[in-house]
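**Student:** I have a structure I would like to understand better, so I am pasting it below and will then ask my questions one at a time.
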Amino acid sequence: MGDCVAPKEDLIFRSKLPDIYIPKHLPLHTYCFENISKVGDKSCLINGATGETFTYSQVELLSRKVASGLNKLGIQQGDTIMLLLPNSPEYFFAFLGASYRGAISTMANPFFTSAEVIKQLKASLAKLIITQACYVDKVKDYAAEKNIQIICIDDAPQDCLHFSKLMEADESEMPEVVIDSDDVVALPYSSGTTGLPKGVMLTHKGLVTSVAQQVDGDNPNLYMHSEDVMICILPLFHIYSLNAVLCCGLRAGVTILIMQKFDIVPFLELIQKYKVTIGPFVPPIVLAIAKSPVVDKYDLSSVRTVMSGAAPLGKELEDAVRAKFPNAKLGQGYGMTEAGPVLAMCLAFAKEPYEIKSGACGTVVRNAEMKIVDPETNASLPRNQRGEICIRGDQIMKGYLNDPESTRTTIDEEGWLHTGDIGFIDDDDELFIVDRLKEIIKYKGFQVAPAELEALLLTHPTISDAAVVPMIDEKAGEVPVAFVVRTNGFTTTEEEIKQFVSKQVVFYKRIFRVFFVDAIPKSPSGKILRKDLRAKIASGDLPK
């Protein structure tokens, strides 16, 4: 008989910070407002465009009124509403109101085309849409067909209600709702590691855990307090902003300064005027700050924390932006929508900070486990060896909506979420991202699914095959480019194809270059060999 070999134990990495108590039984809204007795009269939201201010007590009350208003419109516990909105105070009231009602918010990018919004409406089964008048045309026909109520936060067109109707509801008429910690509260859409966008089911327990991992405890990983002012420039339809700004900000009692869109001069003016202390950014904003000559005209000395996430930030860019914020600690976090979203965060942001290295994206968050695995064998790897990053903890998603197969592909039987990102953990527990297994293209932090663009390209009558891959771009990080096989006899041009795509997708999904080839490289099973195409781009060996 052969020797009995014990199974190899996983090499698991944990935070340098000790685990903490997390009140996972609380609904998200209760958790966010748990400290309201201490901050009730303090400014909670400031509308950067108008200067209008709401206290914590007002935000909490208006959110409960919206919950009652949703109930009066027939929204039941477990129903889904769509938020098709730019950053605004109403975004907070709507999301929190839905949470109080026991409903689910699915967040859509207002710049989506009508087809993209309707696809998400269909998939999420949303029963109500909260939007602005300028976006109503994208949804009105589908909403009329499916009897979906549209609510506008500004001048409501015909057949639409004004958001004030929700805010005027009597909060005392809201029926009691018993929320289970495993109930879904947010349904962002993500392409995951591959394929088309899917609904990511984030629960009350998951988001409470993720927020607590960042801002709770005696030595929070992300130290924020009630005297802080945090700028909300990242779109709230992105999970990074929804989690780090809306949820973490409310939990920590900070003042949240809302900006609808990024424009460098108004952005700098607001930082100076309101003495912003915390800036959650993405690399394109960091790049704009680093390169803009106007930055030096403004006093940015109030800023003490600059966080960057959603896409990797290079060491050179880190160093360049440090000079612009003389009193700030700059660091990165690492997230993925399916992970709730934060997997790792820079410990320079802690109340009792640690030394960090440039280029690192933090250490694994508390109350969670991380491992690095060999993508081929799934065996866990030691420090300083590159492999796929996996995370386990209560913060990760419940699964993909109505897609058990993709859920099983992403979360294994032992509860490990496989990110599709390649990285390593060094001797100081810091995580470095070096590559991606997954196919997703990151344009300015936005996800672009190659499969979605490939499916669209193949509807063009003169294209017989197509593949979409990323190309490195200094401003955007990555841009989508297409390799296209023309149908025999046709001479379709690059410009025609780019126009064909741009008419049907949101701006960040537009094709930047088209390369015509005789065939798309594929494996025997028919899978596109994207590495071969990426190698062509890297070497400059591109068809004319």
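Every residue gets a Cβ built from N, Cα and C, even glycine.
Model, not experiment: these values are computed from the prediction.
Feature table excerpt (Swiss-Prot):
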type	residues	note
BINDING	S190, S191, G192, T193, T194, K198, Q332, G333, T337, D421, R436, K527	ATP binding site
BINDING	Y240, A310, Q332, G333, T337, M345, K438, K442	(E)-4-coumaroyl-AMP binding site
BINDING	K261, K444, G445	CoA binding site
REGION	263-332	region 'SBD1'
REGION	333-400	region 'SBD2'
**Student:** Given the binding-site residues S190, K261, Q332, which one's Cα is the least distant from that of K442 ((E)-4-coumaroyl-AMP binding site)?
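**Tutor:** Closest by Cα: S190.
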**Student:** Check the region 'SBD2' (333-400) for me and report the mean pLDDT.
**Tutor:** 95
**Student:** I want to check the contact list for M345 ((E)-4-coumaroyl-AMP binding site): same chain, sequence separation of six or more, C-beta distance under 8 angstroms. What comes out?
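**Tutor:** Residues satisfying the criterion: Q214, N221, L222, G331, G333, Y334, G362, T363, V365.
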**Student:** Quick one: DSSP breakdown of the region 'SBD2' (333-400) into helix, strand and coil?
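**Tutor:** Each residue of the region 'SBD2' (333-400) counted once, the result is 6 helix, 23 strand, 39 coil.
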**Student:** Counting each residue once, how many in the region 'SBD1' (263-332) are helix, strand and coil under DSSP?
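**Tutor:** Taking the region 'SBD1' (263-332) as a whole: 33 helix, 12 strand, 25 coil.
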**Student:** If you compare CA-to-CA distances from K444 (CoA binding site) to each of the binding-site residues S190, G192, Y240, T337, K438, which comes out shortest?
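**Tutor:** Among S190, G192, Y240, T337, K438, Y240.
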**Student:** Between the binding-site residues G192, G333, G445, where is the Cβ count within 10 Å the lowest?
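**Tutor:** Per-residue Cβ counts within 10 Å for the binding-site residues G192, G333, G445 bottom out at G445.
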**Student:** Can you tell me which of the binding-site residues Y240, K261, K438 is spatially closest to G192 (ATP binding site)? Compare CA atoms only.
**Tutor:** K438
**Student:** Is it possible to get the count of other C-beta atoms within 10 angstroms of the C-beta of R436 (ATP binding site)?
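**Tutor:** A 10 Å sphere around the Cβ of R436 (ATP binding site) contains 19 other Cβ atoms.
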**Student:** From the centroid of the CB atoms of K261, K444, G445, the recorded CoA site, which same-chain residues not already listed sit within 8 A by their CB, in sequence order?
**Tutor:** L234, P235, F262, V282, P284, I285, F446, Y508
**Student:** Could you check the binding-site residues K261, K438, K444 and say which one's CB has the fewest neighbouring CB atoms inside 10 Å?
**Tutor:** K261
**Student:** Given that the record lists K261, K444, G445 as binding CoA, what is the largest C-alpha to C-alpha distance among them, in Å?
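**Tutor:** The CoA-binding residues span at most 15 Å between Cα atoms.
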**Student:** Which of S190, Y240, Q332, T337, K442 (the binding-site residues) has the most other Cβ atoms within 10 Å?
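**Tutor:** When each Cβ's neighbours within 10 Å are tallied, Q332 tops the list.
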**Student:** Please report the DSSP secondary structure of K444 (CoA binding site), reduced to three states.
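**Tutor:** Assignment for K444 (CoA binding site) reads coil.
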